[in-house]
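Novice: Here Swiss-Prot flags 1-35, 102-106, 169-206, 266-292 as topological domain 'Virion surface', drawing on sequence analysis. What Swiss-Prot lists as N-linked glycosylation site is N7, N19, N23. What Swiss-Prot records for 36-56, 81-101, 107-127, 148-168, 207-227, 245-265, 293-313 is transmembrane segment, and it gives sequence analysis as the kind of evidence. Among the features that Swiss-Prot reports, topological domain 'Intravirion' is placed at 57-80, 128-147, 228-244, 314-412, with the record citing sequence analysis. Annotation source Swiss-Prot lists disulfide bond at C105-C188. As annotated by Swiss-Prot, region 'Disordered' applies to 377-412. For 388-397, the entry in Swiss-Prot reads compositional bias 'Polar residues'.
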Amino acid sequence: MDTIIHNTTNRSTDTPHVNITCNITEPLSAIRTTEAVINTFIIFVGGPLNAIVLITQLLTNRVLGYSTPTIYMTNLYSTNFLTLTVLPFIVLSNQWLLPASVASCKFLSVIYYSSCTVGFATVALIAADRYRVLHKRTYARQSYRSTYIILLLTWFAGLIFSMPAAVYTTVVIHNGTNGQSSNGHATCVLYFIADEVYTVLLSWKVLLTLVWGAAPVIMMTWFYAFFYSTVQRASQKQRSRTLTFVSVLLISFVALQTPYVSIMIFNSYATAAWPMDCEHLTLRRTIGTLSRLVPHLHCLINPILYALLGHDFLQRMRQCFRGQLLDRRAFLRSQQNQRATAETNLAAGNNSQSVATSLDTSSKNCNQHAKRSVSFNFPSGTWKGGQKTASNDTSTKIPHRLSQSHHNLSGV
């Protein structure tokens, strides 16, 4: 929602009335229209997409059980869906199309800022959890209790972080230049008076820059730098499959976050250094409009990156559409039948292969006895083959942990 800085020195208890003395420039009007169009697209595409992914993840958790990655993924999809649920009300309010009370504005503001904060924090937690999997030689899952405690603390921190929004969000009635009230121009805004700009507003913008911008970038970069060095020691097939997935994930995140962090840093500087005339107030609103889009774009691409591009999630989604995940017992029974059939086919194939191998060995032995020849060479695959097998045994730990990390990144 918009941030309004009013050139007064005290806060009135009544509903603030703001005179429209600063005309909306053409660039600001174009940016606000573009913001409304992009947000509408995100709502109609990202909302159903997050709902489908969240329902699929919840049903998969119910059927196959929970794990630390799936708990984090479920929390990420929930926060994104919650953000996109309140976004239509904020968009309509910004366009002066939805009158609201002060209580409803404060409620929507708290939900919006807390869900966005928890969403960014969950992305960092997922990166930290994947680092923990690759860094430890033996992968021991942390207890679900500690995972839930971490998420509860994250939500608590998100609610505390959104307290300035609860305090300073209000309804502002926009008046014309003649002081007369304009019908339908009552909007939900973050309202700050002049004395609060260099204390409350500046401090909050700096915190937004750190929590929403810098911290997730640092966590993601730190994890994937270690991830890249680990992938170099994996097999070529595993390396290619995992690097493709991780490269798309990291490039998409950094491509959004790098401009966002730059805009937020510049916005904090503008709040502290620029005067409060009409020109600079309009520029502040323009910068704020640009920075508001990035969290919404994350809500759109997160289900694509973490779910639809993840391992085995599309199969789970098809099973969800067919209703196979609704009955847990029937699903597990069908999985057991498929596993038993596969094991039977594998055993039959191994038996036929062993028979063919024994026949081939017998024929070779007969030929050797017939030739009466003696060889002092090592049999094929004894010393050299054993050395290669031992080397492979010691090097399978990294691909195994890498496979776990790639599988758990998708949360399924």
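Placement of Cβ uses the backbone N, Cα and C atoms for every residue, glycine included.
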Novice: Same chain, outside the transmembrane segment (81-101) by at least 6, Cβ under 8 Å from its Cβ: which residues?
Specialist: 1-2, 32, 35-36, 39-40, 42-43, 46-47, 50-51, 54, 108, 111-112, 115-116, 119, 171, 174, 184-188, 295-296, 299
Novice: According to DSSP, does C188 (disulfide bond) fall in a helix, a strand, or coil?
Specialist: strand
Novice: Same chain, outside the transmembrane segment (293-313) by at least 6, Cβ under 8 Å from its Cβ: which residues?
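Specialist: Those are 35, 38-39, 42, 45-46, 49-50, 53, 56-57, 73, 76-77, 80, 83-84, 87, 116, 119-120, 123, 126, 212, 245, 248-249, 252-253, 256-257, 259-260, 263, 406-407, 409-412, in sequence order.
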Novice: Could you give me the DSSP helix, strand and coil counts for the topological domain 'Virion surface' (102-106)?
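Specialist: Here the numbers are 5 helix, 0 strand, 0 coil.
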